[in-house]
Amino acid sequence: MQLSDAEKQVERHRRLFKKITQRGPDAFNKLCDICAALHYDTALGILRPDRYVSIKSNKMAISSGSMNHCQQNANYINNNTSSNNNDDSRRSSISIDDDEDNGDGAYQQTDRRRSSSKTLDSVSVLQEYTGEICPKDKFEVKRAARILKHPSLDTYPMQSKENRGVFFMVNMINFPVETHRRDGADEDTHSLLYLFKQLGFKLFSYTNLSHEVFFDILGKLLKSDYTKNTECFVMALMTHGDMDDSVQRITFSDGSVVKVKDIEDYFNHHVCENLVNKPKIFLFPFCRGDMLEHGVINKVQTDSIQYNTHRIKNIPILSDLIVCYATSEGFKAHRDPADGSWYIQSFVKNMAKNAHDTSFEDILKNIQADTLKLRTIDGSLQTANYVNRGFNKALYFNPRIWLE
C-alpha cells in the first residue's frame with residue numbers, strides 16, 4: 001500500500017525515535033531533558049510517559065532515568081552463583097511474533113536459578129562457572145568411538161582431556177527499558193552450559209553485563225592460561241542486535257550499544273596470540289535488522305564470489321574462525337518466551353546428536369535446516385547461516401574421548 005506524505009513523515013519519525021532509544025541511555029535521556037526544558041509535554045508523554053512529570057511551568061521535568069541510571073544498573077549477575085530452579089513464575093505469555101532480539105531494554109529481574117547480585121568489581125573476576133546447570137530439555141551428548149580425522153582435509157587437534165576447549169558465554173536478559181526483557185533467554189544459558197560441559201569445555205558464564213565489564217573479562221580471558229592451553233574456543237553472545245548502515249551493533253545490559261567488529265578485533269592475531277591457528281566459533285543468535293522474513297516462492301538467488309589466487313606467506317589478521325548467525329543480514333531472529341532462541345535450541349539439539357561422529361560444519365548445515373522449518377504465528381521464518389573466515393580444517397569435538 002502506498003503511503004501518503006503525512007504517513008511517510010510519521011513513519012520517518014517513528015524510525016528516528018526507535019534509533020534514538022538504541023543509542024544508549026544518555027542520548028535518549030538528553031533528548032527527553034530537551035523536550036522537558038521546551039515544555040513539549042506531548043512528546044514526553046510518547047517518549048517516556050512513566051518517567052517524566054508533565055508540567056506547563058518553567059520547571060524542568062525530572063528524569064528518573066538520567067538521575068538514577070547508575071543505581072538502575074548496579075545489579076549484575078556473577079558467573080559462579082546459583083539458587084533454586086523453580087522458575088515457572090518467569091514464564092511469559094507474549095507471542096513469539098512480538099519477542100525478537102532486536103530492541104533495547106529490560107528490567108532488573110534476574111534468572112532465579114542464578115540470582116545473587118554482585119558489584120561490578122566482583123562480576124569482572126575471571127573464574128570458571130561451577131553453579132547449577134538445569135536446562136528444561138537435557139540433550140545428552142553421545143560418546144565418540146575414536147578420535148576422528150577428515151579423510152581429505154587437515155583436522156584441528158581435539159584430543160586433550162584437560163584443555164579440550166573454552167566456552168565463554170554472555171547472556172543479556174535485562175536492560176534499562178522494562179518492556180524489552182529477553183524472556184526465555186535463561187533457557188539458552190542452561191542449554192548451552194549443559195552441552196559444552198558434556199563436550200569437556202571449561203565454562204565461563206556471565207549474565208547482564210555492561211560493555212565495560214564485558215570487554216574487561218574478555219581481555220583477561222584471551223590473555224589467560226585458559227586460552228593459551230586450549231584446543232578450541234567458543235563464544236556465545238546473546239542479546240538484542242540491529243543493523244544500521246550495514247554495521248552490526250548489539251546492546252549490553254547498561255543500554256550501551258557496541259559494534260560487533262569492536263568485539264571481533266579482540267581476536268586479531270597481533271592482539272590475541274593465544275588463539276592463533278586454533279579453531280574459534282562465535283555464536284551470534286541476535287537480530288541483524290528489523291525486517292521479518294516471510295520467504296518467496298519459486299525464486300532462487302545466487303551470489304558469485306571472486307577469488308584471489310595470489311599466494312602469500314604471512315598469516316591473515318584473523319583466521320580459523322566460524323561466525324554462526326541465527327538469521328540473515330537485515331532480518332529479525334526469533335525467541336520463544338518459554339523455551340528460548342530458535343537457533344540456540346536447534347544448535348544444542350543437533351550438537352548433542354551429532355558431535356560424536358560429524359564435523360562441525362556439517363552439523364551447522366543440520367542446524368540451519370532445522371531452524372528453517374520453524375514459523376511464527378504470522379508465518380515469519382529465519383534463515384540461519386555462518387561465515388567461514390579461514391576455517392580451513394575439519395573440526396570434530398570427539399566428546400568424552402582423549403589421547404592426553
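Quick reminder: no glycine exception, Cβ is built from N, Cα and C everywhere.
Here is what TrEMBL says about this protein:
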ACT_SITE  H240  active site
ACT_SITE  C287  active site
COMPBIAS  73-86  compositional bias 'Low complexity'
DOMAIN    163-291  domain 'Caspase family p20'
DOMAIN    311-399  domain 'Caspase family p10'
REGION    73-119  region 'Disordered'
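Summarising the environment of H240 (active site), the number of other Cβ atoms within 10 Å of its Cβ, over all protein chains shown, is 24. In the predicted structure, the domain 'Caspase family p20' (163-291) carries a mean pLDDT of 91. Across the domain 'Caspase family p10' (311-399), DSSP helix (H, G, I), strand (E, B) and coil residues number 26 helix, 18 strand, 45 coil.
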